[in-house]
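S.K.: Handing you this structure, nothing more for now.
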Protein chains: 2
Amino acid sequence: MAINSSGESFNKVNFATPRSFATTFRSHAKETLFPDDPFKEFKNEKPLKKALQYFVPIFEWLPKYNLSLFRYDFLAGITITSLAIPQGISYAKLANVPPIIGLYSSFVPPLIYAIFGSSKHIAIGTVAAASLLIAAMIEEKVSYDDNPSLYVHLVFTATLFTGIFQSLLGIFRLGILVDFLSHSTIIGFMSGTAIIICLQQLKGIFGLTHFTTKTDLISVMHAVFSHRNEWRWESAVVGICFLAFLLFTRYLRKRNPRLFWVSAIAPMVTVIVGGVFAYFAHVEKHGIQIVGHLKKGLNPPSIQYLNFDSQYLPVTLKAGIISGILALAEGIAIGRSFAIMRNYQTDGNKEMIAFGFMNIVGSFTSCYLTTGPFSKSAVNFNAGCRTAMSNIVMAVCMMLTLLFLAPLFSYTPLVALSAIIMTAMFGLIEYEEAYRLFKVDKFDFCICMAAFFGVTFISMDVGLMMSVGLSVIRALLYVARPATCKLGNVPDSILFRDIEQYPGSNEIPGMLILQLGSPIYFANCAYIKERVWRWIREENGISNSKENVVEHLLLDFGGVTAIDIAGLETLQELKNSLDSNEIKVSIINPRIEVMEKMILSKFMERVGKESFFLSIEDAVEACRFSMHHEPKAMNGFSGNLEAP
Amino acid sequence: MAINSSGESFNKVNFATPRSFATTFRSHAKETLFPDDPFKEFKNEKPLKKALQYFVPIFEWLPKYNLSLFRYDFLAGITITSLAIPQGISYAKLANVPPIIGLYSSFVPPLIYAIFGSSKHIAIGTVAAASLLIAAMIEEKVSYDDNPSLYVHLVFTATLFTGIFQSLLGIFRLGILVDFLSHSTIIGFMSGTAIIICLQQLKGIFGLTHFTTKTDLISVMHAVFSHRNEWRWESAVVGICFLAFLLFTRYLRKRNPRLFWVSAIAPMVTVIVGGVFAYFAHVEKHGIQIVGHLKKGLNPPSIQYLNFDSQYLPVTLKAGIISGILALAEGIAIGRSFAIMRNYQTDGNKEMIAFGFMNIVGSFTSCYLTTGPFSKSAVNFNAGCRTAMSNIVMAVCMMLTLLFLAPLFSYTPLVALSAIIMTAMFGLIEYEEAYRLFKVDKFDFCICMAAFFGVTFISMDVGLMMSVGLSVIRALLYVARPATCKLGNVPDSILFRDIEQYPGSNEIPGMLILQLGSPIYFANCAYIKERVWRWIREENGISNSKENVVEHLLLDFGGVTAIDIAGLETLQELKNSLDSNEIKVSIINPRIEVMEKMILSKFMERVGKESFFLSIEDAVEACRFSMHHEPKAMNGFSGNLEAP
């Protein structure tokens, strides 16, 4: 087979001029910010109508809505209302705001979400973790006991910031930020939060009147045991009865998933039974506290209470942003999960805008932070909801409750609420999932544990940040140490594969074939150069006979998706040091991005087109040819070459 | 060709049991922390001697040292001494410490480096950027004018922290941190620093007595023009003469590189001529300031002055760590460059330990931060040094200077020092390099400009952090949006390559072949899933005829070096949604790491071994076979499938 020095008989490598900056920039921006190609719809007929439907999804599904769908949504809406009332009151206690605000928060936000949201299964409401987080952060600055109205106003302000932050993320299409809250982080954070929330409930169960505002395990246990004189056995007995009832309904659901509605209405039953019991038994006299006065009437406006005092701005901003990210992560994750199950698409950026709008409007109408909670959305899904109409049904039910029934709930014993919260929390401790992480990926497990122990022993925001920090370090390590491997020829084929993975593969005498990892850039280029030289040294060490010393280095670039200036310079340095050791280098199959940079930086010119090949087979063939036909000019060349 | 459903006639994929955690952990730790395999030497005979030689390099080169090498090192040592004296005094002025400390800093640290350092060409000394940085940070807390001794003690303490920090980085093998100071960052930072240092020299040139402690362009220009009454024309004239002389010698060197010694000794000539002129002309009377009293004698101990007062600890720690990273980056980069030119190896981690030790000892002996400066090391290299002995020669010369000649330099006019610093700085403004960055990589150019404008308009530490922050964001974007591409068959071959890059490649009807980018993990898995579905939608959009609708999706994993739990779950979700759209998925050539995780997480079991192939050709063959032989079960299947 006749082969000339430019390797013309091989498959041709494409040396076309690089695309213009505008082209590559547009393609990068699109990949980064618009990976889902949202504008594809607008190229059809009726772009205006399409755009409206795109930005306000209710216009898409409402015209097609019909009575048979409404039957499902109505039932689902009723079911989630029965959960929304007890959860609303309970989580409001967790956030340290008056219970009625929890009920308000299930009226306005679901309406807004129904208009702008793209998920069909999310049920809107307050969430335990974010409620506690807001309370913990705002209590640092203002205590509810000292100045209740200021505290509540700051909570509204934080909710406004959450809303603004969430909608900005959506508008600037920065859904990418939420991607950095990994599954492992969320599992650890949720389990840790569940534990500290359960611990908080010891206050209600034991009927304590004094407690700590800190959330970590040690402070809470200290608060519980240092106030032993306040412990009330009556409260504890009632609490344990409710807990047993609720856990039994959970058990029922687990045994028979069709009985999910039993556990769904159990909290409502608890609240009603507890209220009736409290009313007739005059429990306050026995040290069992009740919710207390609940005002009739719809959400009063709260826009005039928003507090932008520079003294409180840092804490409201911080509380708004951190709880906003957390709420987004929960809402988007649950939305995505159900979308996958039912085979439709939710748009992360649109969801953010919907969540943002509902929190902005919420902060004007006496609501605090809402999102799509796991538990409520799961009940909604199981109850067979078909569209976001179930949220509207829930909102209407809540409106009726607020207008006529609210005072009835004022007799609810706090201990019943504690039992409801604890039961909800048990489901969030996912030890099985943590064990699976441990088995499949130790680093993921560490990220999970950082969140878990950070939350339980330090505080919620510190735990979250520790875990995200570890994830980012991991992401940086991925790119700082891309895996390279040595390839060999798989027997009876023309394939070249990793020798460690396919131990039967044959090395080719005199050649070293390496597959490079991706990307090659400033943070790893020094590593890559040193690693390549180590491969060469090891190769020469293994085969000490003069015959097998490396004469050709073949670098497979097929997997390298990106390279930067530092990477190109490193390749040049590598080439220079290889030249001075009489090793020839071949570049195999660089991808389009890499090739363009190689041409622009003149690296390709300096190396020479004849060293570029489209496949490993071609390169091996060319190297074999040059080894047999070229006069050996390496007289003094020994196996102990000194690496640079 | 008979093909059964498990694809046995193809090349076999390796489904071996994953390696144990210990094995993979050891291999990862080695790649991350010991990529250069430092322990390979210890497996030889005489491990103790080897270990000593490894940790204390002087034991390796000194026994082989001889007189002919010393001849070169002696000349180089003398040359760098002539540079060390004026630079030492100048940079000490920049750091706001007494000039004699600059001379002390060229005596002890070079000796320590000669023992522990692994580079043969670095010349140790103080550097302009780090000097100014330390001054700017410590001046924030304590002004030299108010309390000179406290200021100097804090500088020593910061130097100690630098030393401790640098040696810890080396001991824990965290050279990886320095990798995050990219070439682009350093170019921008150095150019910006050069400009603000030149501006600082306006004080000396105009003979100002009042000046600002801030470093940004606006403050400095304001200080210069608001003190116009202090301008002295005599000072300016002398300064411009010296500047012209120094620039002329630089020009000479550029025209004829062999005259490098002219520009190397020019600063010394400037200092001597300036001193003689000042002595005879009594320049102080004409408003030209001189260095002032310089004490004879070697470095006094300073260990008793180290100040760990908690009031100053934050500022000394911050100054120590930031200037330490900067000094490391400069020292390691210059060491690497010369090592590449002369074809030997420097060890980043060993270098850090050497720099760390020399700064620790320096802080005990009245020295401030030293490293391997670009300019001095280049002169050392050009003067023909062979080993670190040239540093010892310089140290001995400095000792003699300190013992006998120091007082002679007290007449040096400050304006001469300003001229020396300005000339040195002009060489650091690399506008050509910045232009090259602009042409090859716009993002690198932004990183460079962030450092440049941050340094010139805000402050040195803010500029550095902005630029590093951008680099980290870029690194995260690399992994958040890995490039996928569609592959087609290159005509007349069995190769499959990117269709965008090789436009002649043929798609295979009914199949979509995608090459995935690396790694696949939590920060990009949502993107990857959406991107894959977009490829499918686009494919179905292009070929609207029923014939060509995608039936098989072939995913090439050859370039994927890592995957985490979130990535595996995404693949599972993708597989489920493809199943429900009747699209079959094939996995091609997963690498060892990825394959192990697929087996551990049971993904492989759920997908089935028959969907794994070793090469694209095999997979295409199998898909083609199944398309022609399997009964079509997709009756209601149309081209407008709804993506999840």
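Note that the numbers count up from 1, one per residue, in the order the chain is shown.
Cβ coordinates come from backbone N, Cα and C, glycine included.
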S.K.: Of the ranges A:312-331, A:352-371, A:512-531, which one does TrEMBL list as transmembrane segment?
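M.R.: Feature transmembrane segment in TrEMBL: residues A:352-371.
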S.K.: State the residues, same chain only, that lie 6 or more residues beyond the ends of the transmembrane segment (A:443-468) and have a CB under 8 A from a CB inside it; answer 'none' if no residue qualifies.
M.R.: 129, 132-133, 136-137, 180-182, 184-189, 191-193, 195-196, 214-218, 318, 322, 326, 434, 437, 474
S.K.: Any chance you could find the range in A:69-85, A:150-174, A:231-252, A:259-281, A:383-405 with the most Cβ pairs under 8 Å to the transmembrane segment (A:352-371)?
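M.R.: The stretch I would name here is A:150-174.
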S.K.: Would you kindly check A:69-85, A:97-116, A:259-281, A:383-405, A:411-431 and say which stretch has the most C-beta pairs under 8 angstroms to the transmembrane segment (A:231-252)?
M.R.: A:411-431
S.K.: Between the stretches A:69-85, A:97-116, A:150-174, A:411-431, which one has more Cβ pairs under 8 Å with the transmembrane segment (A:383-405) than any other?
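M.R.: Out of the listed stretches, A:69-85 contacts the transmembrane segment (A:383-405) most.
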S.K.: Between A:97-116, A:180-199, A:259-281, who has the most Cβ pairs under 8 Å to the transmembrane segment (A:69-85)?
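M.R.: Counting Cβ pairs under 8 Å, the winner is A:259-281.
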S.K.: Could you put numbers on the helix, strand and coil content of the domain 'STAS' (A:501-623), residue by residue per DSSP?
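M.R.: Reading the DSSP string over the domain 'STAS' (A:501-623) gives 62 helix, 20 strand, 41 coil.
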S.K.: Can you tell me the mean pLDDT for the domain 'STAS' (A:501-623)?
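M.R.: Summarising the domain 'STAS' (A:501-623) by its mean pLDDT gives 85.
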S.K.: Determine whether the transmembrane segment (A:411-431) and the transmembrane segment (A:97-116) share at least three Cβ pairs under 8 Å, counting only pairs 6 or more apart in sequence.
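M.R.: Not in contact, no.
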S.K.: Restricting to the same chain and to residues at least six past its boundaries, which positions have a Cβ under 8 Å from a Cβ of the transmembrane segment (A:150-174)?
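M.R.: Same-chain residues near the transmembrane segment (A:150-174) but 6 or more away: 33-34, 95-98, 101, 134, 137-139, 141-144, 302, 305-308, 312, 315-317, 319-321, 323-324, 327-328, 349-364, 366-369.
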